[in-house]
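Copied over from Swiss-Prot:
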DOMAIN    158-229  domain 'KH 1'
DOMAIN    661-734  domain 'KH 8'
DOMAIN    735-807  domain 'KH 9'
DOMAIN    808-880  domain 'KH 10'
DOMAIN    980-1059  domain 'KH 12'
MOD_RES   SER2  N-acetylserine
MOD_RES   THR8  phosphothreonine
MOD_RES   SER11  phosphoserine
MOD_RES   SER31  phosphoserine
MOD_RES   SER35  phosphoserine
MOD_RES   THR295  phosphothreonine
MOD_RES   SER317  phosphoserine
MOD_RES   TYR437  phosphotyrosine
MOD_RES   SER645  phosphoserine
MOD_RES   LYS991  N6-acetyllysine
MOD_RES   SER1247  phosphoserine
MOD_RES   SER1252  phosphoserine
Amino acid sequence: MSSVAVLTQESFAEHRSGLVPQQIKVATLNSEEESDPPTYKDAFPPLPEKAACLESAQEPAGAWGNKIRPIKASVITQVFHVPLEERKYKDMNQFGEGEQAKICLEIMQRTGAHLELSLAKDQGLSIMVSGKLDAVMKARKDIVARLQTQASATVAIPKEHHRFVIGKNGEKLQDLELKTATKIQIPRPDDPSNQIKITGTKEGIEKARHEVLLISAEQDKRAVERLEVEKAFHPFIAGPYNRLVGEIMQETGTRINIPPPSVNRTEIVFTGEKEQLAQAVARIKKIYEEKKKKTTTIAVEVKKSQHKYVIGPKGNSLQEILERTGVSVEIPPSDSISETVILRGEPEKLGQALTEVYAKANSFTVSSVAAPSWLHRFIIGKKGQNLAKITQQMPKVHIEFTEGEDKITLEGPTEDVNVAQEQIEGMVKDLINRMDYVEINIDHKFHRHLIGKSGANINRIKDQYKVSVRIPPDSEKSNLIRIEGDPQGVQQAKRELLELASRMENERTKDLIIEQRFHRTIIGQKGERIREIRDKFPEVIINFPDPAQKSDIVQLRGPKNEVEKCTKYMQKMVADLVENSYSISVPIFKQFHKNIIGKGGANIKKIREESNTKIDLPAENSNSETIIITGKRANCEAARSRILSIQKDLANIAEVEVSIPAKLHNSLIGTKGRLIRSIMEECGGVHIHFPVEGSGSDTVVIRGPSSDVEKAKKQLLHLAEEKQTKSFTVDIRAKPEYHKFLIGKGGGKIRKVRDSTGARVIFPAAEDKDQDLITIIGKEDAVREAQKELEALIQNLDNVVEDSMLVDPKHHRHFVIRRGQVLREIAEEYGGVMVSFPRSGTQSDKVTLKGAKDCVEAAKKRIQEIIEDLEAQVTLECAIPQKFHRSVMGPKGSRIQQITRDFSVQIKFPDREENAVHSTEPVVQENGDEAGEGREAKDCDPGSPRRCDIIIISGRKEKCEAAKEALEALVPVTIEVEVPFDLHRYVIGQKGSGIRKMMDEFEVNIHVPAPELQSDIIAITGLAANLDRAKAGLLERVKELQAEQEDRALRSFKLSVTVDPKYHPKIIGRKGAVITQIRLEHDVNIQFPDKDDGNQPQDQITITGYEKNTEAARDAILRIVGELEQMVSEDVPLDHRVHARIIGARGKAIRKIMDEFKVDIRFPQSGAPDPNCVTVTGLPENVEEAIDHILNLEEEYLADVVDSEALQVYMKPPAHEEAKAPSRGFVVRDAPWTASSSEKAPDMSSSEEFPSFGAQVAPKTLPWGPKR
């Protein structure tokens, strides 16, 4: 099919250099000189009158018919045959079995082709493949590779032909492999081999080999030749618009590559078949030799700026000179400073060419007009209207304004440029006479104050003095402000701006000292709090120091009064922060932490809220007992008193106040609290609280069990007395492993030293860095005596001795079981003494001890005690029903572990039996035995305890009996509590959380009856000591639930209010803000009707809560409705180009306007029919004020938008092209649409103009079309 393109003159000129001579006619540059346009019939030849395709179906007639291709079927079928000798899988009894079937299935799934297999009489395999062409070819390749035995062969072709076998991106090779169903391996480029390996069937190999050799043979016919030709003669060989070289290429079929003028290469490359290539080379050589003899050169000087006019757009002018005169014009490169242009050609034609070169050079000129850069936008005019007058008269002149330069550049035909220059110079002169500008320096930090809130100050100055004020953006940090306009207005604006700046320079700067730790809190998360302060004091600049500087100075700058107000505000804020950051630590016994937290955190939450403090408790798995309270000092003290009172109520905790002079407190506490900690640990972990340093109080509070408090009081007073009389301290060192031995069992040894000398000995705590240091405090003589005793003990410990003792082998196992637990305990207690028992299996009774002499003796004594216990060991049975065993053991066996430690006994529980109930069935005789034979009598006695109930206790008799009593005391007891059935589910709580919490808190088991029983009785099982507390807790919970039920009944009061659905969104508010506030304020639930529910009244809003609260909420909603009914909505046309600026970043600006005027402003969505329509809703007077305000903003912003758009047009770089008259496009004559109206309209009744259809013609067989 032919195609018709509509070309403008510009695009025609751009493309003609690439067309062959037969396709174009020579055209001149000016459209006026063009030949007559072609007729419509020439441009669009009519189709043949009679379609020959019906008469001659096999040979369609006409140029259009030649292009028709038969439609190919989308699904094809191919059949492949695999001979018996080439089959991979021959040994098959039946088709469809084994590996062959699997392979076919895989091929079908992967390729999407359909396979059908059949066996011929000669046992050859026929495969029919159906599907799309690609799928069939891929399936065929897979079938050959996997069902047919593979052979291989090699073919050698020249290495340089390999790339033609591969083809572009390997496409040729892939295609070849698919066609021949083979695998072709070509050596890598770095491999010198020229052998190509082909793998596949014999038939496929032959085909592939043939194709490869054909490709190689085809390449053998072709040749490449390079011809060196001087660069200067390339234009003659190429010819004007590359026509000459195009002709040679077309006639010889040879490809000729001439390097472009920009590439500094001289060789011309020829590619083609050898004979034609030789002809092409001969013709080029002939042209080169001829031109070399006949041509000569002349050099002329042409201004560098005019070179581009000689070259012309895309080199067209050079081609035009070459075409007209046969002379080549050589222009120096653009980066060269040379202005010499060389003309090369036959002598008689050089004159004409030189004339044309000068004509082209002088056809355009460049001129400049001096104009201050600040006047440029006034010269351009509003929306570019001033310049439009000049450019409309002289469209070929290009006017360029360069930002920052005091000149305007004009470029175009000389006459037009001169006229335009005169006009622009007149405009500049007029503007200079009428206008003035001034530049003033004002510190950039004052610029935003000069601009004012939303540009209020600067806009007032602009309107008042009719001037333009240019303030640089903050990012430039420039101090220069430029004022342009009427000379008088400029001076007045300058005076006012300088006065404002002067006033600001006289502003006060104040340094505020705020501890750096509070800076982050004052700034707030993402700067929220500091933003609030800045909004409160907008005229004050607040600068915080860089965190890396570690500075406490915060700088405030602004008007004196505002700075003072801001200072007071921030000082008050800091005072509140300091006051609220007071912190105290309260030591509370760990077992009472859960009581202080209370049920669901109720107690701790109540204390926090009422005291307005932050209370941090240690983690449950932490060993710390300290609770930290943070807040105001008075509040912290109140919270501490409440927490301590809870502890006091819960246990037998005594509290004693001791008066000790404040000056002794630090010495009593000791370094890092070591001294006071040693007293607290020694006296059963009592809590000793000293008053805050600097308070002047002498009162020290001791809190804990009564006996321990008295003991601690005595020690504290004794220590204080010592400190007051004379305090002396000595440090001695001993290995950490000796410390336990020096302290002795239960602190016996160290107590003996203290009692005998009167000195206090302090050992390091586990967290202390120096673990060797032991401190002795007291009177000098007592300290010296204690030091002497301890050093003697340490010296003895340093003297290592080895001793042995005899231990009956039957007892050895007791010492080494559980990975030598008993031996480890002995080593820890007796200064790291090493005890070695003989290896198991040997009958030796000798045990070796190695360590300090005293330690060895003490260890021997301890081993002897253990042996005596073992020999005096008895076994007692304690019968406790198996169902109570888990309760007796306690969490993770903690209760049993405590009993074994307290009474030094071993306790063994029986194995658990699945059937824990007594069997009522008679005992079955086994092997004819009587019921009692071979069994203990007690097993058969129904009254005796079961084996699974018996707990074995081993140890000394008296200790076993005491342990038995302790175990029996752990057997849980059950009591019943009456709780109304309807409260049971609330007692259980969500997913059992309530009942589980109560069980954990009181360490009991609570059994709630099944719902179907409708019983009011709840059973509590646990230790007798815990039952009373659990019962009281349960009854307390019942009281709470009953109170909640009553409260729920009161809260369920419902009230309906009728409100028009159109007001619902306003009542709900943005993101539900309004309705949420009403809900929270009145503590009610407000339900709006469901829009999708047609049965529900859409104007009913339901309020649920206390009766008084629902009525208050109803009144609040009706107030909003009343306000909304008074509101009006008005549409205002607002240019869409300024919408974004009015809305502001993230809607900040529009929100400010809406808040200021108390209106709602809605902008059109993208794609709206009227993009300029903005809706304002609110009270009538507010709507009017808001509309006036946004229309003022529109006028101000629109001026900037228009100026910016106009400037953009003239700030673009010039297109260095010849100016042309407006294009006429593609023109034809005698087109149907140009027929004169006088022509007669077609006669619809005429049979000639509208012939009737003849009789139906019998259809003829066509080469393609629908199936018959």
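For all residues, glycine too, the Cβ spot is worked out from N, Cα and C.
Computed from a predicted structure; not experimentally measured.
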**Report entry** Chain-internal residues, separated by at least six, CB under 8 A from SER645 (phosphoserine)
**Finding:** none
Query - Where TYR437 (phosphotyrosine) falls in three-state DSSP terms - result: strand
Report summary line: The answer, for which of the modified residues THR295, SER317, TYR437, LYS991 has its Cβ ringed by the most other Cβ atoms inside 10 Å, is SER317
Report summary line: modified residues THR295, TYR437, LYS991 vs SER317 (phosphoserine), shortest C-alpha separation belongs to THR295
Requested in this report: Determine how many residues of the domain 'KH 12' (980-1059) DSSP places in helix, in strand and in coil.
Outcome: 52 helix, 16 strand, 12 coil
Query raised in the report: If you measure THR295 (phosphothreonine) to TYR437 (phosphotyrosine) at Cα, how many Å is it?
Result: 63
Report task. Give me the mean pLDDT over the domain 'KH 9' (735-807), rounded to a whole number. Result -> 80
Query - the domain 'KH 8' (661-734), counted residue by residue under DSSP: helix, strand, coil - result: 40 helix, 16 strand, 18 coil
Report summary line: the residue listed as 'N6-acetyllysine' to TYR437 (phosphotyrosine), Cα to Cα, whole Å, comes out at 81
Query - the domain 'KH 1' (158-229): DSSP-derived helix, strand, coil residue counts - result: 41 helix, 16 strand, 15 coil
Query raised in the report: Looking only at the domain 'KH 9' (735-807), what are its DSSP counts of helix, strand and coil residues?
Result: 40 helix, 16 strand, 17 coil
**Report entry** DSSP three-state assignment for THR295 (phosphothreonine)
**Finding:** coil
Report summary line: DSSP assigns the residues of the domain 'KH 10' (808-880) as 40 helix, 16 strand, 17 coil
Report summary line: According to DSSP, SER317 (phosphoserine) sits in helix
